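Colleague: Found this in Swiss-Prot, in case it helps:
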- 8-28: transmembrane segment (TRANSMEM)
- 44-64: transmembrane segment (TRANSMEM)
- 77-97: transmembrane segment (TRANSMEM)
- 148-168: transmembrane segment (TRANSMEM)
- 188-208: transmembrane segment (TRANSMEM)
- 222-242: transmembrane segment (TRANSMEM)
- 307-327: transmembrane segment (TRANSMEM)
- 355-375: transmembrane segment (TRANSMEM)
Amino acid sequence: MRKPFYKILYVQVLFAIFVGILLGHYWPDTGVAMKPLGDAFIKLIKMIIGPIIFCTVVSGIAGMRDMKKVGRVGGKALLYFEIVSTFALLLGLIATHALKPGVGFNIDPATLDTKSIAQYVSKAHGQSTVEFFMHIIPDTIFSAFANGDILQILMVSMFFGSALAVVGERARIIHDMVDQVSKVFFHIVHVITKVAPIGAFGAMAFTIGKYGLGSLIPLLKLIGTFYLTAIVFVLVVLGTVARLTGFSIIRFVAYIKEELLIVLGTSSSEAALPHLMEKMEKLGCSKSVVGLVVPTGYSFNLDGTNIYMTMAVIFIAQATNIELTLMQQLTILAVAMVTSKGASGVTGSGFITLAATLAVVPTIPVAGMVLILGIDRFMSECRALTNIVGNGVATVVVSAWEHELDRARLTRVLRGEDEASSLADASAR
C-alpha cells in the first residue's frame, strides 16, 4: 500500500525548503533565528557518521578475508577518483573560459575589504603531500572519533577490519557483534532522518534570511555558469560512466532523490552519507565495496568541489583583470587536485579549500574571495549535490569492476520494480 504523499520524506523536505525560502525572504530576522534547527540536524548526523563508517568498513573488510582484495578495491577506487576529479577540474576551467562570468567587473584587489574572509583565510594553509598523509594518522584511536575526521576514522577502521580478517574465526564473535551494532546505528539514522524536514527548513530559512535573494543578482552569471557546468558534468561525464557500466544516470538520480533533497536543504553532503551507504547496498553493490568507497569518496571524490575550485579561481582572475598563462593554469589544476582532498562534505569547507588554493597560487589575490563570499552558500548546495551523485556512481562502478554488482537487482530497483525485496536483501547482506 502506497504512503499518502504528505508522508513521503522527499515531499516533506521539498515543502520545508519552500517554506524556509518564504520565511527567510519575507521575515529575514526570523529566518536567521531558525539557524539552530539546521545546525542541530547536521550535528545529529555528524554524531552518527563515525560509528556508521567504522562498523561498515570493519564489517566489509573482515568479510573479505583476502587482504589483496582490500588493496585492489581501494586502488581501483582511488584510480577512478583521480580520473573523474581531473575531468571535473578541467570542465570547470573550460566552462569559465567559455562563458567568462568574471569579465567586465574590472575590480582593483587593493580596494577590497578582506575582513569578511579573514576567518576562512586563517583556517586555510597550503598543505604538502607529506602533511596531508601525516594528517590521516590520528594521535589516538579515540581522537579520530572525537574530531569527527572521516579520513582518520577510515584509517582506524581499515586497521581494525584487517586485523579481524587476519585473526579469522577466532575473531568471529567480534565481527558478528560489529554487524549487530551497525544495525542499531542505522536504526538511529532512520529516526534522525524523520526530522530532516525541520533541519532543511531551518537551514534554508537562515540562508535566505541572512544573504537574501537580492545578493544573487550581481553574480547571477557565475551562479548560472556553475550550476550549468555541474549539470553538464552529471549528465555527460557521469552519464557516460553510468551508461558504460549499464545503468541510467537519470534513473539513478531519481533513485537517490530523498538524499539529494536533504543535501539541498542542509548544503551538506555528509547529511546523507549514512542513507547513501544503505541505498547503495539496496541497489546491488556489495557491502564490502560500499564500506570502502563511499567514506573514502567523501574526501577523495568531491566532483562538485573540484568544478567550483577552478571556476572560482578563474572567475577571480577575470574579475581582477589578471591574465594567466597556460603554465599557471596547469599549476592551479595541480594545486586544486591536492587541496580539494582536504575538503569534507560540511557546509563552508569548499570556501576554506579555495582559500588554501589561492594561498599556494600567489598570482591571484586571496582578497578576490570577497567577490563570491555572499553567494558561496548558494553555490555550496550545488557542490554538495554533485558530490553525492558522484560518490554514488563511483560505488556502482567499483562494484562492477570487482564483479560484485548484482546487475539484475540494479535494473529492478532503478525501475522501481523491486523496492521491498531489495531492501530485505540488503538488510540480510
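In case you wondered, yes, glycine gets a Cβ from its N, Cα and C as well.
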Colleague: Cβ pairs under 8 Å only, please: of the recorded stretches 8-28, 148-168, 222-242, 307-327, 355-375, which one is richest in them relative to the transmembrane segment (77-97)?
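Modeller: By the under-8 Å Cβ criterion, the transmembrane segment (77-97) pairs most with 307-327.
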Colleague: Which bits of the chain, at least 6 residues beyond where the transmembrane segment (148-168) starts or stops, bring a Cβ under 8 A of a Cβ in it?
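Modeller: Long-range Cβ neighbours of the transmembrane segment (148-168): 46, 49-50, 53-54, 57-62, 64-67, 70, 135-138, 141, 174-175, 295-296, 298-299, 344.
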Colleague: By a Cβ-Cβ criterion of under 8 Å, what residues six or more beyond either terminus of the transmembrane segment (222-242) are in contact with it?
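Modeller: Here the qualifying positions are 84, 87-88, 91-92, 95-96, 99, 101-102, 216, 248-250, 252-253, 303-304, 307-308, 311, 315, 372, 375, 378-379, 382-383, 385-386, 389-390, 393, 396-397.
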